[in-house]
Amino acid sequence: MAHARVLLLALAVLATAAVAVASSSSFADSNPIRPVTDRAASTLESAVLGALGRTRHALRFARFAVRYGKSYESAAEVRRRFRIFSESLEEVRSTNRKGLPYRLGINRFSDMSWEEFQATRLGAAQTCSATLAGNHLMRDAAALPETKDWREDGIVSPVKNQAHCGSCWTFSTTGALEAAYTQATGKNISLSEQQLVDCAGGFNNFGCNGGLPSQAFEYIKYNGGIDTEESYPYKGVNGVCHYKAENAAVQVLDSVNITLNAEDELKNAVGLVRPVSVAFQVIDGFRQYKSGVYTSDHCGTTPDDVNHAVLAVGYGVENGVPYWLIKNSWGADWGDNGYFKMEMGKNMCAIATCASYPVVAA
């Protein structure tokens, strides 16, 4: 019992210390806060090694916990998380030996079971009926660029983090709206995901349990607008709607849907219009994506398979493999600075089954 209490205290200290380290990584070694965080990390390391034994792998796990601000309740949980971490590390190593066009890496999800990850980061699968017959008007194909990255145009807002809430659809929605607004006005803006979590249920959305950008665009259109992030900040839990019309910053005039499975339409929209909200099926393994062009023979290709909404901000070719460039909502320390590439041309993981973009008032 005494050992468990020491471990719990050490891990609690770790969570505070890791936050300080994450927010102060550029501090010089002379910073007076540094010795405190180093001592806390040392205490955690000793506690973890005490629970697991002094091995190189246990030390790697302790350093992982420090880096990501982990906090575990008991020695039993440390051992369980260590087992999951070990399995994740083996998956990374075995996948990276296969010569695939992408690579995996250890990240903040590497000590989570697949069931935990699904419950806290993904939404329930929903049928995207709005895309059965799309209304995107194809633009001149001759003007379509060979590659596109809307970040270079300065209209893509920074990567955000949905945290422990299946609200990916709200971040895909606001990402598309923020890009459209900046494109139309030349002004940057951050919009409220929490408003969508709390208020868009009447349009077949379910807060932290999932939703669709196309349905969120319709909600905003009929609601009369969406508040700023500052006026309606993100909490990452389901709450009571307290939208205030006076804080509405962007109005949606209409939404445009890409025809089901039509990657040519999607490429036309991404290349010639602006970033497009898309959804796809996340399967176990993708959560540890690090770089390269993701491809899989195991994910689905129908609207009923999708469980995660994101934002397509461009496309290109890497080592001969065409790809979609996609902004995620799992933080800037995930993947390739918060982004990933998905193979283009095969409706990979149903990426072209649930795509739409908004038209906003300037």
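Glycine is no exception: its Cβ is also placed from the backbone N, Cα and C atoms.
Feature annotation from Swiss-Prot assigns active site to CYS168, HIS308, ASN328. If you look up Swiss-Prot, you'll see CYS165-CYS208, CYS199-CYS241, CYS299-CYS349 marked as disulfide bond. The feature N-linked glycosylation site is assigned by Swiss-Prot to ASN188, ASN257. What Swiss-Prot records for 1-22 is signal peptide.
Rounded to the nearest whole angstrom, the C-alpha distance between CYS208 (disulfide bond) and CYS168 (active site) is 8. A C-beta separation below 8 Å, combined with a sequence spacing of at least six in one chain, links ASN188 (N-linked glycosylation site) to SER157, GLU178, THR182. Cα separation, HIS308 (active site) to CYS241 (disulfide bond), rounded: 23 Å. Using Cα positions, the member of the recorded positions CYS165, CYS168, CYS199, ASN257, CYS349 nearest to ASN328 (active site) is identified as CYS168.
Residue with the densest Cβ environment among the disulfide-bonded residues CYS208, CYS241, CYS349: CYS349, by other Cβ atoms within 10 Å. Listed in sequence order, PHE280, GLN281, VAL282, ILE283, ASP305, MET348, CYS349, ALA350 are the same-chain residues six or more apart from CYS299 (disulfide bond) with CB atoms under 8 A from its CB. For the recorded positions given as CYS165, CYS168, the lowest number of other CB atoms within 10 Å of the residue's CB is seen at CYS165. Secondary structure from DSSP puts CYS168 (active site) in a helix. Other C-beta atoms found within 10 angstroms of the C-beta of CYS199 (disulfide bond) number 24, with every protein chain shown included. For the recorded site, CYS241 (disulfide bond), the DSSP three-state label reads coil.
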